[in-house]
Each structure stands twice: as C-alpha cells, then as structure tokens.
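Peer 1: Quick one: the structure is below, questions incoming.
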Amino acid sequence: MPAEGSLAQEFVQFAVESGVLRFGQFKTKAGRMSPYFFNAGLFDDGAKLGRLAQFYARQLLAEEQRSGLAFDMIFGPAYKGIPLAAAVAIELARLGRNLPFAYNRKEAKDHGEGGTLVGAKLQGRVLIVDDVMSAGTAVRESIALIQAAGATPHAVAIALDRQEKATENGLDVEHSAVQYVTRQLGLQVCAIARLSDLLQYLSEKSDSPSGGETLDGQRLKDHYQSVLAYRERYGVN
C-alpha cells in the first residue's frame, strides 16, 4: 500500500536533498536507461539513517491503522536490508513497539553459531524490510529462508516503489515486482513513496518560482518530462 500523500512527499524531498534520489541516465538491472536512480546506500550517516527509519516506522504504523497490518518481528535481507531492519527496529522500539529482528548472511558461517541467520529466532509473522524491489529476487530468497525456519513471511516494507514493469526471460511483462509479490506470493507490500509521488513532487517544483533547484544547481523541472516519459513507457498502475 502507498503512503499517505504528505508523508510520501516529505520522503521524496528528503531523498532528493540527501542525494539518494538522483537524476540523469542510469542503467537498471533490466537493462533500461532510467532518468532517475534511488541509492539507499547513500543514507550513509547516523542522522540520515535515523530519519529514514522514522519514515519506515510512520508508514508501518499508519498502515496498521489503515489495513490492520500486524507483524511479530523484522527481517533484513543481506546486504542493504541489514542496517534498515536494525534501524527500523530501533525506531519502532522508541515509539513503544519493541520487536525482535534478524538478518541473513550471504555466506554460511561454519564456526561459532554457524549458519546464515543472525539475530532473533525467526518465528511468527515476519516483516521483510528492504530499500526497493526491482526483480523481487531478495524477497523470494527471504521468503524461502523464513519458511525454512518455520516462520511466516507476512509483509514487505520498502522505501520506493518504482511502479515499473518487471522482466521475465529478458522481456517486459505487464506487472511490477511489487504486484507479483502481492498477487502471486500473497504478501502485503508497504512503500513509503511511489514513482507517482516522485512525479507529483517534480510537477509541483516545476510550477514553483525557482523551478525547483536541486542541491547541484540543476532544476527539477528539467527532469519532469524525462521521468514522465519513462513512466509512460515502462510504468504500471
């Protein structure tokens, strides 16, 4: 489910100002040339990561009120999901919701506690926390790990839903990775913001007297048409 409008717009502005959401020409995993790029790895200091966790927590608590979303613990898939899961768990605890969290290693450890899982025991309804969902590979791998541990994959929280067609065998299909996870795998997906929110942000900045200058001095209105054209070519509803 998408975030409430003002929260989504606030998040998009934060991502742009932090340099996490950038504009230009970027090649995606699917081989497309995208006019924007969301790099969650650039939430790279305590203040930015802490604020990012606040957005996740606000969206999750809002979704709890809106749809009854409930979960018993948090799981972060390696690698980007690891700090996200920890940060979101800290923020939820600060807000009075103290939940266990866990994550996985890419490589199994053959000494100490061993295995690929670290943190709390996977049990109950598990929320998977990641940055974006391009092909859904990390989510499918997480689902397999969670089920193998005897727990239930219940929902996924991401920062940005790109709202674009997924690919299968190198060909575009008429659904996004998020829609596949929702419809075929039966997991609720909560996104802080979507591509439609980014377009709204760019449109509103384009109409401002300043033309919406970014941190590098470029005008955001210069990117609106390219992002819109990308959405029209590859987008899903």
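Cβ coordinates come from backbone N, Cα and C, glycine included.
Pasting the relevant annotations from Swiss-Prot:
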- Lys29, 79-80, 105-106, Lys109, His111, 130-138: 5-phospho-alpha-D-ribose 1-diphosphate binding site (BINDING)
- Phe37, Phe38, Ser134, Arg162: orotate binding site (BINDING)
Peer 1: Sort the binding-site residues Phe37, Phe38, Arg162 by C-alpha distance from Met133 (5-phospho-alpha-D-ribose 1-diphosphate binding site) and give me just the closest.
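Peer 2: Comparing Cα positions, the closest of these binding-site residues turns out to be Arg162.
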Peer 1: Report the nearest neighbour of Asp131 (5-phospho-alpha-D-ribose 1-diphosphate binding site) in space among the binding-site residues Phe37, Phe38, Arg162, comparing Cα positions.
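Peer 2: Nearest in space to Asp131 (5-phospho-alpha-D-ribose 1-diphosphate binding site), counting only the binding-site residues, is Phe38.
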Peer 1: Using C-alpha positions only, work out which of the binding-site residues Phe37, Phe38, Arg162 is nearest to Thr137 (5-phospho-alpha-D-ribose 1-diphosphate binding site).
Peer 2: Arg162
Peer 1: Which one is closest to Ser134 (orotate binding site) in space, judged by CA to CA distance, out of the binding-site residues Lys29, Lys80, Lys106?
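Peer 2: Out of the listed candidates, the nearest Cα belongs to Lys29.
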Peer 1: What is the total of other Cβ atoms whose distance to the Cβ of Lys29 (5-phospho-alpha-D-ribose 1-diphosphate binding site) is within 10 Å?
Peer 2: 9
Peer 1: What is the total of other Cβ atoms whose distance to the Cβ of Met133 (5-phospho-alpha-D-ribose 1-diphosphate binding site) is within 10 Å?
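Peer 2: Around the Cβ of Met133 (5-phospho-alpha-D-ribose 1-diphosphate binding site), 24 other Cβ atoms lie within 10 Å.
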